[in-house]
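These come from Swiss-Prot:
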| type | residues | note |
| --- | --- | --- |
| SIGNAL | 1-24 | signal peptide |
| REGION | 25-62 | region 'Disordered' |
| COMPBIAS | 28-40 | compositional bias 'Basic and acidic residues' |
| REGION | 85-281 | region 'Cache-like region' |
| CARBOHYD | Asn98 | N-linked glycosylation site |
| CARBOHYD | Asn143 | N-linked glycosylation site |
| CARBOHYD | Asn215 | N-linked glycosylation site |
| REGION | 234-253 | region 'Disordered' |
| CARBOHYD | Asn274 | N-linked glycosylation site |
| CARBOHYD | Asn333 | N-linked glycosylation site |
| TRANSMEM | 418-439 | transmembrane segment |
| TRANSMEM | 452-474 | transmembrane segment |
| TRANSMEM | 479-501 | transmembrane segment |
| TRANSMEM | 526-547 | transmembrane segment |
| TRANSMEM | 577-597 | transmembrane segment |
| TRANSMEM | 612-633 | transmembrane segment |
| TRANSMEM | 643-664 | transmembrane segment |
| MOD_RES | Ser694 | phosphoserine |
| MOD_RES | Ser705 | phosphoserine |
| MOD_RES | Ser708 | phosphoserine |
| REGION | 757-899 | region 'Disordered' |
| COMPBIAS | 769-781 | compositional bias 'Basic and acidic residues' |
| COMPBIAS | 819-828 | compositional bias 'Basic and acidic residues' |
| COMPBIAS | 845-856 | compositional bias 'Low complexity' |
| MOD_RES | Ser865 | phosphoserine |
| REGION | 914-995 | region 'Disordered' |
| COMPBIAS | 925-943 | compositional bias 'Basic and acidic residues' |
| COMPBIAS | 944-958 | compositional bias 'Polar residues' |
| MOD_RES | Ser946 | phosphoserine |
| COMPBIAS | 975-994 | compositional bias 'Polar residues' |
| MOTIF | 1002-1006 | motif 'VCPWE motif 1' |
| MOD_RES | Ser1061 | phosphoserine |
| MOD_RES | Ser1076 | phosphoserine |
| REGION | 1132-1162 | region 'Disordered' |
| COMPBIAS | 1132-1144 | compositional bias 'Polar residues' |
| COMPBIAS | 1151-1162 | compositional bias 'Polar residues' |
Amino acid sequence: MGAMAYSLLLCLLLAHLGLGEVGASLDPSERPDSSRERTSRGKQHGQQLPRASAPDPSIPWSRSTDGTILAQKLAEEVPMDVASYLYTGDFHQLKRANCSGRYELAGLPGKSPSLASSHPSLHGALDTLTHATNFLNMMLQSNKSREQTVQDDLQWYQALVRSLLEGEPSISRAAITFSTESLSTPAPQVFLQATREESRILLQDLSSSAHHLANATLETEWFHGLRRKWRPHLHRRGSNQGPRGLGHSWRRRDGLGGDRSHVKWSPPFLECENGSYKPGWLVTLSAAFYGLQPNLVPEFRGVMKVDINLQKVDIDQCSSDGWFSGTHKCHLNNSECMPIKGLGFVLGAYQCVCKAGFYHPRVFSVNNFQRRGPDHHFSGSTKDVSEEAHVCLPCREGCPFCADDRPCFVQEDKYLRLAIISFQALCMLLDFVSMLVVYHFRKAKSIRASGLILLETILFGSLLLYFPVVILYFEPSTFRCILLRWVRLLGFATVYGTVTLKLHRVLKVFLSRTAQRIPYMTGGRVMRMLAVIVLVVFWFLVGWTSSMCQNLERDILLVGQGQTSDNLTFNMCLIDRWDYMTAVAEFLFLLWGIYLCYAVRTVPSAFHEPRYMAVAVHNELIITAIFHTIRFVLASRLQPDWMLMLYFAHTHLTVTVTIGLLLIPKFSHSSNNPRDDIATEAYEDELDMGRSGSYLNSSINSAWSEHSLDPEDIRDELKKLYAQLEIYKRKKMITNNPHLQKKRCSKKGLGRSIMRRITEIPETVSRQCSKEDKEGTDHSAAKGTGLVRKNPTESSGNTGRPKEESLKNRVFSLKKSHSTYDHVRDQTDESSSLPTESQEEEVTENSTLESLSSKKLTQKVKEDSEAESTESVPLVCKSASAHNLSSEKKPGHPRTSMLQKSLSVIASAKEKTLGLAGKTQTLVMEDRAKSQKPQPKDRETNRKYSNSDNTETNPNSNHTEELRKPQKSGIMKQQRVNLPTANPDASSSTTQIKDNFDIGEVCPWEVYDLTPGPVPSEPKAQKHVSIAASEVEQNPASFSKEKSHHKPKAAEGLYQANHKSIDKTEVCPWESHGQSPLEDENRLISKTPVLPGRAREENGSQLYTTNMCAGQYEELPPKAVASKVENENLNQMGDQEKQTSSSVDIIPGSCISSNNSPQPLTSRAEVCPWEFEPLEQPNAERIVALPASSALSASKIPGPRK
């Protein structure tokens, strides 16, 4: 038997190889037929596939992908112990189960048998069965096999069955049945079986018990299933070719048993032995073999089957074919099914792996089924049998991977961020409102002192600096990261560029140590310099943005992720090297600002603005340094909420503080009394700084020469300036004066009050003068004739009835002289002043007028009071420079000049005070010795000619000056005073003798500046406008310094010749006149309107006064002749020219002295031609000169006028 078995195996091998050789040795003529046969069989097979793949409840691989159906069937149909064994693989569960027969897993979800055959662990057994079946087909279809009987070939069949178990270890049992007749007998005649028992193979001949195969049961389904499928209806075209041709035809089509598709698969089953299930799942593979009848018709001969142990075969529930395929319970939208190999024939051998962004709430077992121990009884409920629902939950937002519900991305505090963005929006709104408020109060002194355009620029830049907090509130993106750099750098350049340039302008203007005028940095020039700075920053940002866009093309992102100490990630704008460079640039720029703050630390300013700007710059430097340090060191570990709060704190500690430092003092200063800062404040408005000289030695008139300013503003300011100069002149005159007694009195407070209010003229003065005028109009003409002698040139000016009305209706806008650069306030500001202050001013001014006009006040009292009051207010002579504070109310000239501050008193107040005192003392002594006798005669002459001049000019002035608006205040000379039309020869004669007359005869006090003395030499100023002072007798010492820069040195000799003819009364006229003339003058002041005329010339630098004698004809620059010719042309314009002139002429002291001098009358006529006008003037015209006399009285006390 062993030899026969081995020979049978060798035959099987040769038969298998022979089939391949026969197929390869076919001739070409037969191959087309073979291809056609294969094509027809493929079509037949394709038509049969739908039926083969239809779900069949009797097989376990029916198509079903719902895992819930499997769980329900296992719970309802499968015995409890069998289901537990199927899930756990524990064979102890089967020992408790009783059985009467085999149990098959039929009707469960699965795939078709044709797809199940692809399992790799079953390929060996399937191939072995197929080869054995093909061998039997070949043997039975040969001619010789027909002649042999079954009994003769029994040994060969036994050897074939034995070889199947020896050739494939997975086969546990093999059997073969053989029938002599195909369908006549229901049971086979031969039934051979080989069983593997541990290490040996048991071969049995069960032919005697083969009759039980005739019954169709589950155990005999492998035989009856194949027998029922056989039908003898197959007819082939090669049936008439003989046995040889028929054999070739069968071999070409591989026979009926030569294909794996002909193998029948049984469902997995458990065998029942001795009333219990044997452990291990089995499957039966069976295939039929056929023979040929004598007429070459194939007939069914038998079935060969093998039982395969499935205990080592894995169930792949994740696969698309095979047993229980597609029965996993993983959710494919959030998880993925992964089979687990090596667990055997058990269910649940897979795991649901959550996809990216999902996690499972708990860690589950390897096969997703809790294996039960041997003592655990299967409950049979659906919950226990069914698999757990493997639902993967999504991770927190922003987490690509997670293991639990903990967030991997930083969770933002919504309420905190909402509060921050709300407050930031409020601050931005307030910043915008501040821009509107600043524009609304653009005419206020505090706003104009800093410059409206510059303040608006700072507020706009602050609005840009508020935007980084708004950008960081949103999720970082490439656009937002780029925009963050833009708003930060542009805002920084705008705000702190403007602040630094303002400090630079203060440094250039206030700390210039030269008397020469320097190019002044106006607001427009500062804006141009700021535009250069912003343009540089803009160009850098454009280049940086271009490089960032190029990096994006190279996959270099601008937005990255940071990680906190808690391993929480967050998105952030990455920091590159350019950020370090911009931080260094900001630091260096702020260092320059700190240097400027240190340089201008001693410069006095209005509202202390440089001081506040210095605090803002230092604060920005310190806070920004801390901010950049934290940002660069902790940026990758600082979560977005902290970064937002860092930007928020940095913004408000710098930007908000800067805005507060610049705006709060401006709006809060109006409520404080600025009297303490009278001598130290200096406005730095671009108009003020550009329209004032650098020092007092620069001509004050040159401050207005190149600006299209309002002449009224100029006159208002100059009137106050001349009043201050008068105070200093009187102080120097009484200093060390041997003619005055040294006597201390108790009226020092009166002097202080005079000095404090010396530049203030309240409305009460006008009302008081108007009341006195009504009472003393009857004798005003007689008093006026005595006064005209002192001021004959006043009659030639435009002084008349309009001055009287203007003085009554005028509201003096400046109540007090704040400092060097005081501003002229509007009528609205005046009306809102406190009543207590006006009452105090009224009392003070009444006391001032009484002190100046009273006969009982001795000269000694004047000396003491004025000396004490002057010393109580330091540096009061400093130029106010507020002439352009009202320039925004009126359109300015298109061309702006560049002028400087007059701060000479700040530099050398003590030195000049001593120098002026010495000169004034000498002047007073000489004038008093030379001018006592000829004084009455000179006064009579002056009275006559001043009356005639006033008669001619009064009607025109009355008509034209009433048309002026009465809002402006101040009694100032016009910038161009026309000669009287009644005396045209005077103009021509003045032009002809310009080079011949002696300066000493006209203005003797001006020669003091040309003589060597203790007065420090001061450089000459440039082209200027000579504006006449109110009274030459009262301010020769102060005016001499201004005019000394323009006097020719040849005037020294002529001055010495006529110097002795000056009388004391000409220098100090108030000492010789009584109280009555002063009272008359005070009564007439209210009748004299003081509307300042407008010199409407296009070029303000060409406006010169034509007064030659003691203020009426002041000294002219080298272009004096051309200016005089222009005056003659303007005289022909008649009333229009007279309308533009308003003057408070002074008493020509030089002319009086010339009348008393021994010089011929003709020389005096050349100097003062108006004194020799025809005397045929009507007597009624003498009364017209009284307003001029009253104006003289008003000019004697110029202090309270402002």
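Heads up, the Cβ atoms here are built off N, Cα and C, so glycines get one too.
The stretch from 452-474, 526-547, 577-597, 643-664 with the most CB pairs below 8 A to the transmembrane segment (418-439) is 452-474. Here Asn98 (N-linked glycosylation site) is positioned 9 angstrom away from Asn274 (N-linked glycosylation site), judged by their C-alpha atoms. The most densely surrounded of the glycosylation sites Asn98, Asn274, Asn333, judged by C-beta neighbours within 10 angstroms, is Asn98.
Note: the CA-CA distance between Asn333 (N-linked glycosylation site) and Asn98 (N-linked glycosylation site) rounds to 43 Å.
The secondary structure of Asn98 (N-linked glycosylation site), as reduced to three states from DSSP, is coil rather than helix or strand.
DSSP classifies Asn333 (N-linked glycosylation site) as coil under the three-state reduction. Mean pLDDT, taken over the region 'Cache-like region' (85-281), works out to 71 on the 0 to 100 scale.
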